[in-house]
Amino acid sequence: QYSPRFEKTINDNPAVGYVNGLAVYGSNIGAVMEIEATAKKSNTRKGVLKITGIVEEEEISNQNRKMIRTSTARCSVENVITVIERNFGLNCDEYDIHINFSGGAPVDGPSAGISIATAVYSAINNIPVSNEVAMTGELSIHGDVRAVGGVNAKVQAAKKAGAKVVIIPDENWQQSFSKLDGIKVITVKNIKEVIKIALEKENVEDKSNCINTNIDVLAAESLKA
């Protein structure tokens, strides 16, 4: 018997591998869903992917009907690994990766796609995720962000939890979101936009500068040769 925790407030500080995902439970109840990831280099063998915290099924009662909803989170995690490798040039097989879904409720896998990807990217690169950002969005294996359901309920849940920014798919934009007080709704089309918004900017910029510097050095050495 699981006991979902719907009342959730955001953490006080940014953290590596920790994302405020958003979900809809039962009959359109929005909630913040904690998604955590750790990544440790596995130097002598192929890395292991571990997934915990998934409740596989949820019974939904609606008047005289009962339905069973099954979690699709495991398939979404596999998609995320492909996205990270294709878009960021990372080899996830080099890491032991542990992904945990907190809260004790079924995870709607597709809509958690960008949250899972952000948590894993953060863990591998050791870059904190902003604690004031929440997000929802499905990922294609090419890294495109696709529309999801229940966005209104999710945005309200994020605001109630104390988030300042909500990332949603571009296809889910509604004009009413621009009139909300106390929270900013930002639309994205691909995973790189998500990472740029969600991760602590100074750390992301430092990493980008290092990459650019290395490219400049290599270019200079090529000219000398």
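A Cβ is built for glycine as well, from the same backbone N, Cα and C atoms used for every other residue.
Residues or ranges marked as active site by TrEMBL: Ser111 (among others). Using a 10 Å radius centred on the Cβ of Ser111 (active site) and all shown protein chains, the other Cβ atoms total 28. Annotation note: Ser111 (active site) sits in a helical segment as assigned by DSSP.
According to its DSSP assignment, Lys154 (active site) is helical. Residues or ranges marked as active site by TrEMBL: Lys154 (among others).
For 13-201, the entry in TrEMBL reads domain 'Lon proteolytic'.
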Averaged pLDDT score, the domain 'Lon proteolytic' (13-201): 89
